[in-house]
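Annotated in TrEMBL:
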- 48-83: domain 'EF-hand' (DOMAIN)
- 156-191: domain 'EF-hand' (DOMAIN)
- 431-565: domain 'FAD-binding FR-type' (DOMAIN)
- 230-249: transmembrane segment (TRANSMEM)
- 255-280: transmembrane segment (TRANSMEM)
- 301-322: transmembrane segment (TRANSMEM)
- 572-595: transmembrane segment (TRANSMEM)
Amino acid sequence: LCPPAGSRTMSVAEDAEWLRRVRKQFGNIAGEHKEINLEEFKSALQVKESFFAERFFALFDSDGSGTISLEELLKALSLLVHGSQTDKLRFLFQVYDVDGRTVGLSGCGSAWGVPAVTCCGARSPRAGSGCIDPDELRLVLRWCLRESAIALPEERLADLTWALFEAADKDHSGSITFEELREELEGFPEVMENLTISAASWLKPPPPTERSCRPRYLTRAYWHNHRGKLAFLGGYISLNLLLFALAALRHAGLGGWLVVARGCGQCLNFNCSFLAVLMLRRCLTWLRATPIAKVLPLDQHVVFHQLVGYVVLALAAVHTGAHVANFSRLARQDGRHALAEYLLSARPGAGGLGGTASQTGLALQGLLAAMLAFSSPCIRRSGHFEVFYWTHLSYISVWTLLILHGPHFWKWFAVPGCLFALEKVAGLAWRRAGGLRIVEVNLLPSKVTHLVIERPQFFRYEPGDYVYLNIPAIATYEWHPFTISSAPEQQETLWLHIRSLGQWTNKLYEYFQQPELPSPEPKPLSRSLREKRCRRWAQVGADGAQLLANAGCYIDGPYGTPTRRIFTSEHAVLIGAGIGITPFASILQSIMYRYRRRKQSCPSCHYSWCEDLRDEEMTLRKVDFIWINRDQKHFEWFVSLLTKLEMEQAEQEPGEPFLEMHMYMTSALSKNDMKAIGLQMALDLLAAKEQRDSITGLRTRTQPGRPDWSKVFGKVAEEKKGKVQVFLCGSPALAKVIRAHCEHFGFRFFKENF
C-alpha cells in the first residue's frame, strides 16, 4: 500500500499485477493473523492526518470486526479498480457521509456497510442516514484543509462549506443526497475524469518511470539546446590537447616523463590563467549586453570555474608525478644525488627562479589540494564559510608561486591578471566609499529577512541582477550573493529578500529578531556598537516583527544573470520555487513600471489603455509566471506585489493577458486525490463567486500539488507567441526535471547560478 502517485489508468494486466503486489505486501504487514488493525493501516498509507484513514478503514471493514482481512481488502480494492464511475462516486459519498450507515459500494446491500464507529471524534453514526448535512460537510472540509496544510479562519471554512453545500443541495432540502452530489460533480468534468482513477490511485504504487532506451545526452534535442555549452567544451578540450601536443613535440627526445611534464605544464599555464577569466564578474556582466552572449555560455561561468579547478588539480598531479619519475630516473643514472635532493634543494638550471622549480611546485600542489578540499559544498554550506573564504584567498599565493615556478606563465597571466586586479581595485574603491544604511527590515514568514537598503546615487542595474552583501555586525569578512528583488525604476532604495538557510543568514535573521526597544530619549551608543559601525532601533507593529534599522552594510555589484535575456525573449516562462521568486519579483515590477509609463487615456471618455510594450529593448509578447511553494505561508512574501500586477492588468484593454500567473502549493492534495475532490470543488466555487483565491487572496487560483510540466509546456507550445525561453530560479533537482521537458519541447532553458 502506497500514497497517491500518478494519474494514469492501468490496463487489465497492470491491475492484476498491482493486486498481486498488494496481496504480497498485505501478507508482510499482517503477519500470522492475516489481518491488519487501524494503526497498521495508517502506517501503511503514511497519511498526514487520521480522519481519512479511519474513514477508509471503516468502509473496508465490512463486518465491523475492527480489523481488515485480506479477503475484505481485495474485495474492496477490486471494486475500486474495476468498478464503474457510479461505484466510485458512491464510495466518495460514503466517505463524506460521516454519520451514516452506508449501503454496499456496488449498490447490492451490506458489502460495504459502515459499522457504528466513531471517526476522529465524530459522533456515532445514525442508522441509514444516506445524506450529507452541513455539519458533516464542514467536518470533512476541515480535515481536507489540514491534510493540505492550508490554514483558513473559521469564517472562511464556513464560506467554503456553504458554497459547496448551496451548489449541491439542488432541492434546498437541507441535505445532499447521492443523486445531488453526482449531478453537481458532472459540472466539473476534470473531477469526474479523475474520479475514475482517484479512488484506487490513492492506494496504488507510483507508476514506473518511462525511460528511453537512448540516453538523453545522445538525443538531438539535447545537442540543440546545449550547443553553446558543448561547443565551448569542445573548444576548451581541443585547445588543451593542442597545447599539450605542441609542448610535447618541442621536448621530444628528452625522455617520456619529461615530455608528459612539459605538456601538462603548458596546459597549466593556460588553465591557471583561465581560472581568473571565469571569475571576472564585471567583465562578464558587460559581455552579457553584447552579441557574444548569444555564443558563449556566460551563464555557466561558475560551473566552468569549478570544472577548470578540477582540471588544474589533475594536470598538476600528473605534472608533479612525471617530474618525480624523471628525477628518480636521473638519480639512478647519476648516483651522486638522491631523489630527495632533486626535490628539496634549489639547483641552478633546474627551472624556476633561482632553480626553485621543485620546491615551488610542491608548495603549489599542496595549496591547490587545500583549495579544492575546502571548496566542497559540504564545507561552504555547513557553517564553515570562513574556512572556504580564507583558503580560497590563497589564489594570491598560487599565482605568485606560478610566476616563480614557470618561466612563461607571466605571458599567459598578464592580461587576465591585470583585469582581475582592476576589478578588485574597483570593488575595494566602491566599498571604501562608505557604508550604506539599512533603512527598514521586515521579518517575513519561513524565516525570510526583507532588507530595504538606501540606493547609492550612481548605482545602475538590470532586473534580476545580484549583489554581494557584507554586514560587519554579522561577519566582518563574509560577502554573500543575493538577488535584488526591487525594480531598477525604484530610485531611492534596494530590496533584498534573504531566506535563512545557512549560518550567516540565520545570524542575520536572529540579529534583527531581538530588537532594542526605543526609548523616549535617544541614548548614546556604547563603544562596542560604535566599533561595529552599527546602530539600530526596533519598532514592533501589529503585524509582527518589523524593525526600522540604521545598520552599516556594504554591497559589491551589480552582477548580471541569465534573467537579463528575458526582455529580449518573445515568450518567457519564469519559474520560481520558494524564495526563488526574488529575481522575477524585480522583473515583474519592472514590467509594471513600463505599463505605467506607456499607459494612455482618452481625455473625453477617460478610457485607458496601454501601448504595445515591444521595442528594441523589450520584445516580449507573453510572460507566464509560475510560482511553486511548499505551503501557504510562503505566498505572503510577495502577495502584495502580485496583487498590484493583477490590478494593473485588469485596468488595461480586455483580451488575452500579457502576464499570466500560475500558483502551485505542493503540500495541498492534488485533484487526482480522492480526499481533495470536495475541497477543490469548494475552492473553485468560492473563487468563482468572489473572484479571488481563498489561499492567497489573488484572482489567480492556486493549484494544488506539483505542476504537470508536460501539460504546462504543452499549453505554452500551443499558444505560438514566438520562441519560448524558460528561466528557473530553484533547486538543482527541479532544474533537472524542467531541463528534460525543455529539451523535449525544444525550448531554451536558463538557470540562475551564483
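Numbers here mean position along the shown chain, with the first residue as 1.
A Cβ is built for glycine as well, from the same backbone N, Cα and C atoms used for every other residue.
Remember, predicted model here, so these are calculated numbers, not experimental data.
Pairs of Cβ atoms less than 8 Å apart link the transmembrane segment (301-322) most often to 255-280, out of 230-249, 255-280, 572-595. Shown for the domain 'EF-hand' (156-191): DSSP residue counts in helix, strand and coil, namely 24 helix, 1 strand, 11 coil.
In terms of DSSP secondary structure, the domain 'EF-hand' (48-83) contains 23 helix, 2 strand, 11 coil.
Within its own chain, the domain 'EF-hand' (156-191) is flanked in space by residues 86, 89-90, 92-93, 96, 130-134, 137-138, 141-142, 145, 671, 677-686, 689, 694, which lie at least six positions past its ends and keep a Cβ under 8 Å from the stretch.
Computed over the domain 'EF-hand' (156-191), the whole-number mean pLDDT of the model equals 82.
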